[in-house]
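What TrEMBL records for 1-18 is signal peptide. Residues or ranges marked as domain 'Glucose-methanol-choline oxidoreductase N-terminal' in TrEMBL: 119-142, 295-309. Residues or ranges marked as FAD binding site by TrEMBL: Val259. According to TrEMBL, the active site, proton donor annotation covers His534. The active site, proton acceptor feature in TrEMBL is assigned to His578.
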Amino acid sequence: MTQFSVFNFLAGFTAILAGTFLQPVRYPTSVMPDDIIVDFIVVGSGSAGSVVAGRLAEISEWDVLVLEAGGQPPAFAKVPFLHFGSEFPNSSYMNYYKKRPQKYSEQFAKNIGGLYQRGKMIGGSGTINQMMYHRGIPQDYENWAAQGNPGWDYKTVLEYFKKTEDYQGPLKPRDAPFRASGGPIGVEKVAWKPPVCRVAIRAGEEMGLAEVDYNTDTTIGSAIFQLTTKNRERVTTADAFLLPGLRRRNLKLQINSQVIKIIMDAENRAIGVKYVHKNKVKRAFAKREVILSAGAGDSPKLLMLSGIGPKKQLEKLGIESRVDLPGVGQNYQEHLIIRGITWTIHPNISSSIFDRVGTSAMLNYFERRSGPLTSPAGICALYQLNVGSPEEPHIPDILITQENGLLVQDYGLFSLAPMKKSIQDYYRPFLGRDGFSMTPMLIRPKSVGTVTLMSKNPFDPPVLDHNSLSHPDDFELMVKAAKASRRLGNAKIFRRALGAEPINKPIPDCAHFAFESDDYWRCFVRGWSGTGAHMCGTCKMAPDSDPMGVVTPRLKVRGVKNLRVIDASIMPSITSGHINAVTFMIGEKGADLIKEDYGKI
C-alpha cells in the first residue's frame with residue numbers, strides 16, 4: 001500500500017469511526033406542498049441563514065421556512081481535524097464554483113483557475129471550514145460606518161459578537177469587556193499543542209509580538225487560535241440556532257431544495273421563490289419578506305437569475321432585466337495567502353500526519369475528546385503585524401499562520417496535487433518530513449474581483465474571478481509579508497528547541513533571480529499565492545449615493561420591496577481575519593433589523 005493510499009485509508013477510517021462513536025445530528029425536516037405561504041422565507045442554512053431563521057422564529061406569530069440546497073451533514077463533520085471533508089469522495093456535500101484563470105496569482109498551479117469549494121449541506125461552509133473564530137479589528141467596522149453605513153460601527157457590532165459567543169477560557173481583566181459567555185456558539189482555544197506550537201508564542205515574543213487576545217481591541221501580536229468548538233466538537237450556527245429553533249412549531253426546514261428564482265409582482269415586490277425539490281418545481285410565498293442567505297457566490301447569482309443586477313450582462317444571457325443594479329456580483333473580495341514557506345525539524349519531534357489519524361489518536365478523541373483530532377489539521381498559532389502600512393502602525397496588515405507541519409508532510413496528497421510538475425519535483429525530497437510552515441495572509445486587500453453567471457441555467461455554478469494581486473500595493477505588501485514570515489520562522493527558539501532549518505534551495509521557477517532577493521520573492525508570491533476561501537462583498541452594503549451598492553444599511557435590496565440579503569456578501573470591505581464569526585454577527589444584526597422594522601424590539 002502506498003503512502004498516499006495509507007493516508008486515504010486512515011482518514012477515511014477516522015471518518016467511519018466518527019459515524020460510529022459520535023451521535024449524528026439529524027435536523028428535523030419537512031416536505032412542503034407544491035405551494036406554501038409563510039411569513040418569511042430564508043434561502044440557505046449556512047453561517048448567516050441559520051442565525052436569521054433561529055432568531056426570527058423567536059417571534060411566535062411568524063411562520064419561517066428555510067430552504068437548503070444540500071442535505072444532512074455527515075457525522076464526521078463534528079471532528080475538528082476532519083475539516084477537509086471536501087476531500088472525501090462525496091461531492092453531494094459540496095458546491096463547486098468555476099474560477100477564472102488568474103493573471104497575477106496562482107502561477108504554480110497546474111490549472112490556473114480551477115474550482116472553488118463551498119459547503120452544500122445544513123450549516124453550509126461552517127460545517128467544513130477550519131472553525132477559526134476571528135472578529136477582525138475595530139477599524140474594519142469604523143470603516144464600514146464611515147462609508148455611509150450607520151449602525152455598523154465597532155461599538156454597535158461588538159454587542160452582537162458578544163451576544164453570539166460562549167467563550168471558554170481565562171481572560172485578562174482588560175480583555176473581559178470584549179468577551180462573553182453563555183451565548184449559542186462555543187469558542188475555545190486550540191487544545192492540542194505539539195512541540196512546534198508550544199514555542200510559537202515565544203517565537204512571536206522574540207520578534208516583538210506579545211501574546212494578545214486578538215478578538216479584542218488589541219490586535220498586533222501573537223496568539224493561539226480560537227475555534228468555534230465546544231467540548232472539542234465543531235459547533236455551527238445550524239447546531240446553535242437552527243436546531244433549537246426547529247423545536248418550535250413556527251420554523252420549518254426543507255432540505256435538497258435549490259431556489260432558482262425570486263418571484264416578484266408588477267411593482268417589483270418580492271412575494272416568494274421558485275425552487276426545485278426532488279426534480280419538481282415548487283413555489284413558496286412570503287407574506288412579509290424573502291431573505292437571501294445563500295452566501296457570497298449564490299446570493300448574487302440568485303439575484304441575477306431573477307433579473308436583479310447589471311442590465312447589459314443579464315440581457316446578454318437572455319435574462320429579462322427587472323432592476324438594473326450594476327453592483328450585483330461586483331466588489332468580490334478575498335484574503336490572499338502564500339504557501340510554501342517551510343522549515344524542517346528534528347525527525348519525529350512533531351507528530352506526523354499518520355500519527356494524527358492513527359489508532360491512538362482516534363481513541364483519544366472518541367473516548368476522551370483529547371489529542372490531535374481536537375484541532376484542525378496543522379493549525380495552532382497566529383501572528384498579526386504591520387509590515388507595510390507606516391501611516392497606521394497599530395493596525396495589522398498581514399496575518400501569519402504557524403502551521404504544525406511541513407507543507408508536504410501529507411506526502412503531497414493534498415498540498416501538491418494541484419501544483420505543476422516543477423513544484424512537485426522541488427518538494428519531493430521533503431515528502432513526509434516533520435516540520436512547520438509560516439503562511440502569510442493579506443488581510444486588507446485592495447484588489448477586487450467579480451462573480452458572474454455562466455448562463456441563465458440556474459443549475460450552472462457562478463463564475464468567480466477573485467483577481468488577487470491586481471492592485472500593485474497588494475503585490476508589494478505580500479513580498480514584505482513573505483520576508484516577514486521567513487524572519488519569524490527563523491526565530492532562535494525554533495532552531496534551539498526543534499532544530500528548525502529553512503529550505504534554502506530556490507524554487508526552480510524563480511531560480512533565475514538571486515535567492516531571497518525582492519525579485520525572487522515577487523516570483524514566489526505570484527506562484528504560491530491562492531485564496532483563503534473567504535469570499536465576500538458581492539452584494540455590497542452602501543448608502544444610496546454609492547452607485548455600486550446593492551443593499552441598504554438595513555440590508556434591503558435596492559429597487560425591490562420585501563427582499564433582503566443577509567450574509568457575507570453584504571460586507572462593503574473584507575474584515576481583517578477569517579470571516580466566519582463576522583458572518584454570525586451579520587446574521588444576528590440582520591435578524592434584529594427585521595424585528596425592529598416590524599416593531600418586535
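Heads up, the Cβ atoms here are built off N, Cα and C, so glycines get one too.
Predicted automatically and left uncurated, TrEMBL annotations should be read as such.
Note that this is a predicted model, so its numbers are computed, not measured.
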Quiz item: Counting across all protein chains shown, how many other Cβ atoms sit within 10 Å of the Cβ of His578 (active site, proton acceptor)?
Solution: 27
Quiz item: Looking only at the domain 'Glucose-methanol-choline oxidoreductase N-terminal' (295-309), what are its DSSP counts of helix, strand and coil residues?
Solution: 11 helix, 2 strand, 2 coil
Practice problem: Among the recorded positions listed here (Val259, His534), identify the one with the smallest other-Cβ count within 10 Å. | Solution: Val259
Quiz item: Who are the chain neighbours of the domain 'Glucose-methanol-choline oxidoreductase N-terminal' (119-142) in space, where the CB to CB distance is under 8 Å and they lie at least 6 residues beyond its ends?
Solution: 27, 44-47, 49-50, 68-74, 77, 80, 83-86, 92-95, 152-154, 156-157, 161, 165, 185, 187, 214-215, 217, 219, 225-229, 234, 236-239, 242, 253, 255, 295, 376, 379, 392, 395-396, 533, 573, 575-582, 585
Practice problem: Please list, for the domain 'Glucose-methanol-choline oxidoreductase N-terminal' (119-142), how many residues fall into helix, strand and coil according to DSSP. | Solution: 9 helix, 3 strand, 12 coil
Quiz item: Using Cα coordinates, what distance in whole Å links His534 (active site, proton donor) and His578 (active site, proton acceptor)?
Solution: 7
Quiz item: If one measures from the C-alpha of Val259 (FAD binding site) to the C-alpha of the residue listed as 'active site, proton acceptor', what distance in angstrom results, rounded to a whole number?
Solution: 28
